[in-house]
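See structure below.
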Amino acid sequence: MAQKGIGVSNLPNVKYRSFCKAGIDFNIMTVGSNGLGKSSFINQMLGDSILSSDPFLKPEDGHHSNETVRALDEDIVDDPESKYFHRNSLINIQISKFFVMENDFQTRVTVTEVDGVGDGVCNEGCWDPIVELIQDNFRDYLDQERKNVRSLIKDKRIHICLYFLEPNPSHVSLVDIRTMKEISKICNLIPVVGKSDLLSDSEREECRNRIVEVLSMENIDVFRLDILEKEKISRTESPFFIIAKNVNSGDSSGHNREYPWGTMFPEKVESNDFYFLVDSLIAKNLIRLVETTEVFYDEYKTREIGLSIASKPGALGEDDRRLTKEIQKKIKEDERTIVELRQKLIEKRKYYESKMLEITSKYSNEKINSS
């Protein structure tokens with residue numbers, strides 16, 4: 001009789017079933033000025049018209065509700081907090097929650113839309129509510145961690161922020177630069193250019209170079225997608241250029257984008273990075289986004305615990321307070337060192353990628369000439 005073992009080899013299947021049953025929380029934030037296609041991006045990503053074309057125009061009250069799609073949890077369907085709308089003089093914020101079920105695997109998706117960034121006459125401090133919202137979610141997670149078993153925690157932390165930039169080949173606004181810089185310190189950030197069909201090929205390249213230059217000069221750290229080797233030649237790093245469709249429920253025409261001069265088919269536009277970006281985020285990098293969010297959360301948690309200890313009267317002696325300040329100073333120095341090293345790695349990576357493109361182009365030309 002052949003030895004069948006004790007069943008250890010079946011543990012991956014048990015883990016898989018457990019993971020499918022528990023599901024995963026995925027929280028995405030879109031940020032930018034009005035009219036750049038943030039809602040259209042989310043609608044096309046989730047495959048249905050779940051968000052209105054402009055959800056910020058007519059909020060009926062403090063809670064602005066949209067119909068949920070694929071909602072399977074009664075708590076979320078009936079809970080008024082599952083739809084939240086906030087408006088102030090600087091920006092508008094809408095939070096919507098959905099359930100997506102695919103092949104018996106459930107994903108709890110929370111979409112946070114931030115609109116109106118840079119649209120005001122005075123935009124000073126418009127990034128503060130965004131930073132506060134991200135940190136409030138960290139604080140909520142920390143409070144739950146103190147009270148509950150970690151597996152029972154509802155994760156509201158933002159896993160990825162897509163920052164929508166205007167399709168302008170010559171300029172990136174100071175408000176966008178400052179907002180991206182503040183967000184990148186506490187959250188995974190990917191800059192994208194909305195409505196990029198307004199740009200010609202040469203303008204698109206100018207826009208890309210300008211944004212890359214700004215990100216480098218301002219030391220804005222962006223999330224680097226894991227890209228397959230065969231895709232690295234044809235795909236570059238962020239910013240990504242997006243053309244989203246007008247998604248309508250029940251529309252069988254392919255959800256194309258209609259213009260006065262005709263119809264455009266986004267899936268046939270070679271320069272449209274939408275499909276590549278969504279596939280990279282969801283299918284290939286979702287778990288890594290959650291893991292890197294843990295790093296941002298641990299940094300926040302360390303600061304909060306340190307401040308809470310230091311603020312208690314009589315909790316620390318003079319030596320302890322001095323030591324705490326030294327540790328905090330060392331952490332800041334280490335963070336600056338990490339940013340500098342990361343920047344050097346980015347520069348080296350760009351250099352080798354340019355060499356790869358040069359060699360590939362040279363090889364292709366030689367092959368053409370020889371034939």
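Every residue gets a Cβ built from N, Cα and C, even glycine.
The feature GTP binding site is assigned by Swiss-Prot to 32-39, GLY116, 195-203, ARG257. Around LYS195 (GTP binding site), taking its Cβ as the centre, 18 other Cβ atoms fall within 10 Å, counting all chains.
Per Swiss-Prot, the feature domain 'Septin-type G' maps to 22-307; the stated evidence is sequence analysis.
Residues of the same chain lying 6 or more positions beyond the ends of the region 'G1 motif' (32-39) and with a Cβ under 8 Å from any Cβ of it are 51-56, 113-119, 162-166, 176, 194-195, 242, 244. Look at Swiss-Prot and you will find 32-39 tagged as region 'G1 motif'.
Restricting the average to the region 'G3 motif' (113-116) gives a pLDDT of 92. The region 'G3 motif' annotation in Swiss-Prot covers 113-116 and is backed by sequence analysis.
What Swiss-Prot records for 194-197 is region 'G4 motif', and it gives sequence analysis as the kind of evidence. Long-range Cβ contacts of the region 'G4 motif' (194-197) within its own chain (Cβ-Cβ under 8 Å, at least 6 residues beyond either end) map to 32, 36-38, 41, 164-167, 204, 241-244, 257, 264, 266, 269, 271-272.
In terms of DSSP helix, strand and coil, the region 'G1 motif' (32-39) has 2 helix, 1 strand, 5 coil. There are 27 other Cβ atoms within 10 Å of the Cβ belonging to LYS38 (GTP binding site). If you draw a 10 Å sphere around the CB of GLY32 (GTP binding site), it holds 26 other CB atoms from the protein chains shown. Within 10 Å of the C-beta of LEU198 (GTP binding site) there are 13 other C-beta atoms, taking all protein chains into account. According to its DSSP assignment, LYS195 (GTP binding site) is coil. The least crowded of the binding-site residues GLY35, ASP201, judged by other CB atoms within 10 A of its own CB, is ASP201.
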